[in-house]
Amino acid sequence: MWTQRNAVGNWLLVLTAVIGFLTFIWIPQTSAECQTRSIYCYECDSWTDARCKDPFNYTALPRDQPPLMTCNGCCVKMVRHQRSPYEVVRRMCTSQLQINLFMVDHVCMMESSGNGHMCFCEEDMCNSSKNLHTNGCQLHLIPIAVAVSWLMGQLLSR
């Protein structure tokens, strides 16, 4: 019985190492892509500029849209108090945030209360979208990591 449990533990350890290695190789490449080429991002806050609110009028003439800025990073869209009369939308470039792109590239993060979110994208004017969709590059790793961690915890607690 001990050798069977040991073999399963070793298999899970190898699987975790492989996933970690692939993540280590893959994530810096996507982060670097986001940081090395210039894109245009909308720069506005719906608190002071109604043009920034959702739904965003991306078909309006450029003079009737919020200002664009050159960005050497990713575009960001933050929503606070979503689906309430106090909803605030802010669109900007990551160069204005104290944030590590290694952690957030291609990700939408939800506020713990569920009343807001922050999304990152890397195409021109992509932060105009009402629903930024991630490309799912890293998202598939989250359930795998959770499952492996749970299994390892179960095996080690026996």
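For all residues, glycine too, the Cβ spot is worked out from N, Cα and C.
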Disulphide partner cysteine [Swiss-Prot] for C93, chosen from C71, C119, C121: C71
Which one, C75, C108, C137, is listed by Swiss-Prot as the other cysteine in the disulfide with C119? C108
Could you pull the disulfide partner of C41 out of C74, C75, C121, C126, going by Swiss-Prot? C75
Cα-proximity to C75 (disulfide bond), 10 Å cut-off, over disulfide-bonded residues C44, C52, C108, C126: C126
Mean per-residue pLDDT in the region 'Loop 2' (77-91) works out to 93
Where DSSP helix means H, G or I and strand means E or B, what are the helix, strand and coil counts for the region 'Loop 2' (77-91)? 0 helix, 8 strand, 7 coil
Sorry to bug you, but what's the C-alpha spacing from C121 (disulfide bond) to C44 (disulfide bond), rounded to the closest Å? 16
